[in-house]
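**Student:** Straight out of TrEMBL:
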- 318: active site, proton acceptor (ACT_SITE)
- 394, 398, 399, 400, 401, 402, 403, 404, 405, 431, 479, 530: CoA binding site (BINDING)
- 427, 429, 440: (R)-carnitine binding site (BINDING)
- 13-583: domain 'Choline/carnitine acyltransferase' (DOMAIN)
């Protein structure tokens, strides 16, 4: 595997000019800070930027780092955003994806679907292995494909202070098995024949049937639930767990597997309009220790979830990759499954899939009980609403010559403002894959222009023509910030880099980083992401702050799938309320545009 090919010819991530970032930082603070705090920050920034001052020194350090590394940010980002983060990966970090509901309602249907899905993922894997995966483009520019090489045969490993990620793709003998988990019991399923060809759908089905029949007991200890605990607690329990040789080998088999398939028990029956929401929480956490939360290994990068009742989707561990590579894998697998038929295969008897054994000591039993309790608290605390906005999709904003993403983001700003009568720091992820090893930066959707529009929208003293002009300006400002971000010119990662550079230099932390404004501007009450897919699916994730929301959306041509999450423990947030406010805002803005005569150009 030629690592170089994956980003050969791609530019390196730039370090934005210091003055530009300081100016944009002040602009980002303007709609969310009060005037005296803003003034205080302005003074600190002037001090920071002085010729020969602290800022200039750190900027030079960053520029040096950028010269000698493939990407000055990626290692730092992996550590600070993911591996050093100590909250559970469940809800707090790992996104879930709900796939279209399947028609089956029994184990045969479940296993047929699982067999096709596994074959589809192996088909995608062959493109990765042979490097025949078509390079993706954004605005005519090729994107870094490296993340595709990180999602299979990889796993997160807990530590008591920080985690690590292992990837077995480049091993002398790369893994040839997947893990299947059913009734909390883990199995190793070899998915390749001795000649290196993948098993057929039919063969996989037969193997899954064997797994099912040898895991009928439902009273097993849910060892997988340990992976849902706070990272320090799990790190400690992990070290204890793998002291035993059998346990260590079982854990290693899970970590090395290409991916995991979770054959879930049926969810509690719900009405059709509640179905998507329940499926969303099922993907995010499994419903609690009494349901499917123990039927997972949450450290595994990729876990496909297939319920006996037709509830399907996946959850992925976020450290190695973002949503888009996961989604294009899904799109490929869904297409593959449409055309894949069960082919009768010559019956070569296949080896019985191996059940992984665990020795559960009283101490491990105690760790499992603790993880169960913590998981159930998380389950009770997650407030989720997954819905389909059916009035329009990308089609309407496009008809108005507006960016659909900007249109949705400004609608969300309006929805939030209507509930809270203020603007809040808003995070939208922007891809940096135009650059080698690029991950993400932040689009700050709350801008001076969005602030003006949302305040004007419901103001009876303002005329429609003025509202439309402000809307147009807000949408264009969002589009401009997006373009800046994908070109590596946003402020969030640059500020983080300057801060980490100071820490690396063992220098005193500059005052701008100890300032109230810096803490406020990083407290994202709205954490959002557009994850477009060809498949009619929706991604969901938890809020990033206790009093915030997670909002993820997939804009299709004539509808929008979106998922809103919040925490019940916060009195001020309510997922269904924000979801409703967002629907209203989208419709009200459409009405505003339709009722206002176009200004003559």
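Note that Cβ sites are derived from N, Cα and C of the backbone, with glycine treated the same way.
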**Student:** So if I draw a 10 Å sphere around the Cβ of residue 401 (CoA binding site), how many other Cβ atoms end up inside it?
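**Tutor:** A count of 8.
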**Student:** Let me check the 10 A CB neighbour count of residue 429 ((R)-carnitine binding site). How many other CB atoms are there?
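**Tutor:** That number is 20.
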**Student:** Looking only at 399, 440, the binding-site residues on record, which one has the least crowded Cβ, with the fewest other Cβ atoms within 10 Å?
**Tutor:** 399
**Student:** What's the number of neighbouring CB atoms sitting within 10 A of the CB on residue 318 (active site, proton acceptor)?
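**Tutor:** Result for residue 318 (active site, proton acceptor): 20 neighbouring Cβ atoms inside 10 Å.
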**Student:** Would you mind checking how many other C-beta atoms are within 10 angstroms of the C-beta on residue 479 (CoA binding site)?
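**Tutor:** So the number of other Cβ atoms within 10 Å of residue 479 (CoA binding site) is 17.
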**Student:** Cα distance, residue 440 ((R)-carnitine binding site) to residue 394 (CoA binding site), nearest Å?
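**Tutor:** Per the Cα atoms, residue 394 (CoA binding site) and residue 440 ((R)-carnitine binding site) stand 23 Å apart.
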**Student:** Using only C-alpha positions, which one of 399, 403, 405, 427, 479 is spatially nearest residue 318 (active site, proton acceptor)? These are the binding-site residues in the record.
**Tutor:** 427
**Student:** How many angstrom lie between the most widely spaced Cα atoms of the CoA binders 394, 398, 399, 400, 401, 402, 403, 404, 405, 431, 479, 530?
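**Tutor:** This binding site's residues have a maximal Cα-Cα distance of 26 Å.
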**Student:** Round to a whole number and give the Cα-to-Cα distance in Å for the pair residue 429 ((R)-carnitine binding site) and residue 405 (CoA binding site).
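**Tutor:** With the alpha carbons as reference points, the distance is 12 Å.
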